[in-house]
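I have placed the structure first, in the form of structure tokens, so that the comments after it can refer back to it.
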Amino acid sequence: MNPNQKIICISATGMTLSVVSLLIGIANLGLNIGLHYKVGDTPDVNTPNVNGTNSTTTTIINNNTQNNFTNITNIIHNKNEERTFLNLTKPLCEVNSWHILSKDNAIRIGEEAHILVTREPYLSCDPQGCRMFALSQGTTLRGRHANGTIHDRSPFRALVSWEMGQAPSPYNAKIECIGWSSTSCHDGISRMSICMSGPNNNASAVVWYGGRPVTEIPSWAGNILRTQESECVCHKGICPVVMTDGPANNKAATKIIYFKEGKIQKIEELTGNAQHIEECSCYGAKEVIKCICRDNWKGANRPVITIDPEMMTHTSKYLCSKILTDTSRPNDPTNGNCDAPITGGNPDPGVKGFAFLDGENSWLGRTISKDSRSGYEMLKVPNAETNTQSGPITHQVIVNNQNWSGYSGAFIDYWANKECFNPCFYVELIRGRPKESSVLWTSNSIVALCGSKERLGSWSWHDGAEIIYFK
């Protein structure tokens, strides 16, 4: 190629590139002008387009045009603004037996995996589903710090929660608050959790709401300020919580504290016939909250607190039925007592328990053994709340008497798509010390069941771990 041809070739190439660049520039200018006017057509350029994707999430797309660049940002936002406070208007569902809901097998799994040492477990639900809760000991079953976890109170305990059905581990547990006594409940908008911590003679409570500490409560009697060890219940934003401070074997100071969004609305001293209150198991229906508690001082029959959350008032009495449900307890008497404790039982002064009191649809839970925390059974006892002669008409074994049980408590999925509130309960399956002293730890697994209108058979849902494998 001679020099003239080279010049012509280079010139043609340059002109071609110039034309292409010009066309690209024109296209870019047109695109930016078009986008500018498209955004400008809306009344407010900062107003996002909202596209609902499901009942719990919203996708927000923000279109912002600056300096001829268009940025599109996708934000996933929980639709808390569309939630409303839980309203306890429904009745309890009819229950003829109990079906299995969940079993975490924590001790069996912990023989090999990293599973937290826990006790005082419970379940609590929210609009998204149900979670398991427990007070962690800040160590695992195979950890050396598991030695001494038989003790209830230490600076290392925390209320943790995890997905229902899983075993609690350092990898799936969420810390709700720090302490050695707890309760937690959801009001339909956000969760309130309360933890007690500190020394026996000067403990305090910290109230969390929406993931932040909101209120602190000091000890009022200087003797182990403590609370329910299972879920509280809310109605129209008001969440009553039962707390006790004082002796475990004598008259103590119990208060019902009414919270809204973690802030105290009212405090009531315990009134009525109940003489000692600890570890209440509460549920709600028909705009009333009922708490079935533990009389650790005198009664083998359980005290009952009935709360009107709208009026923020309460009354207390004892479960009238002759079927005694605390442990330890004497043999069932000929007559119950609505107004006073029925004494007797040896050696343990009591255990956390529950009942669902709904006229003919009433159910009581108790250990099968009257002397120790072994076995567990559910008894349908019509009118147990009001009739001193009431006895069982239906019986279902939950844990056979050859296996350990422990605390038990009530919970309900108040957001389930039903015409009624279906009663549910859990049983703590304690393993390790003091009954099994060949290991250094004390921990538990959990089994949970819910009501069924069908008549289902019994089975033993015991823990099932072989302690010999931990040696």
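Keep in mind that glycine also has a Cβ here, set from the backbone N, Cα and C atoms.
Copied over from Swiss-Prot, here are the features:
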BINDING   ASP295, GLY299, ASP326  Ca(2+) binding site
CARBOHYD  ASN51  N-linked glycosylation site
CARBOHYD  ASN54  N-linked glycosylation site
CARBOHYD  ASN63  N-linked glycosylation site
CARBOHYD  ASN68  N-linked glycosylation site
CARBOHYD  ASN71  N-linked glycosylation site
CARBOHYD  ASN87  N-linked glycosylation site
CARBOHYD  ASN147  N-linked glycosylation site
CARBOHYD  ASN202  N-linked glycosylation site
CARBOHYD  ASN403  N-linked glycosylation site
REGION    11-33  region 'Involved in apical transport and lipid raft association'
REGION    36-89  region 'Hypervariable stalk region'
REGION    92-471  region 'Head of neuraminidase'
TOPO_DOM  1-6  topological domain 'Intravirion'
TOPO_DOM  28-471  topological domain 'Virion surface'
TRANSMEM  7-27  transmembrane segment
Neighbour tally for ASP295 (Ca(2+) binding site), based on other Cβ positions within 10 Å of its Cβ: 22
Give the distance between the Cα atoms of ASN202 (N-linked glycosylation site) and GLY299 (Ca(2+) binding site), rounded to the nearest whole Å. 27
Alpha-carbon distance [GLY299 (Ca(2+) binding site); ASN87 (N-linked glycosylation site)] in Å: 33
Same-chain neighbours of the Ca(2+) site, Cβ within 8 Å of the mean position of the Cβ atoms of ASP295, GLY299, ASP326 and not counting those residues, run in sequence order as HIS276, ARG294, ASN296, TRP297, LYS298, ALA300, ASN301, ARG302, PRO303, TYR318, PRO341, ILE342, GLY350
For ASN147 (N-linked glycosylation site), the spatially nearest of the recorded positions GLY299, ASP326, ASN403, using Cα atoms, is ASN403
Would you mind reading off the Cα separation of ASN403 (N-linked glycosylation site) from GLY299 (Ca(2+) binding site), to the nearest angstrom? 25
Site of maximum Cβ density within 10 Å, from glycosylation sites ASN87, ASN147, ASN202, ASN403: ASN403
Reading the DSSP string in three states, the entry for ASP295 (Ca(2+) binding site) is coil
When DSSP states are folded down to helix, strand and coil, where does ASN403 (N-linked glycosylation site) land? strand
Just how many other Cβ atoms lie inside 10 Å of the Cβ on ASP326 (Ca(2+) binding site)? 27
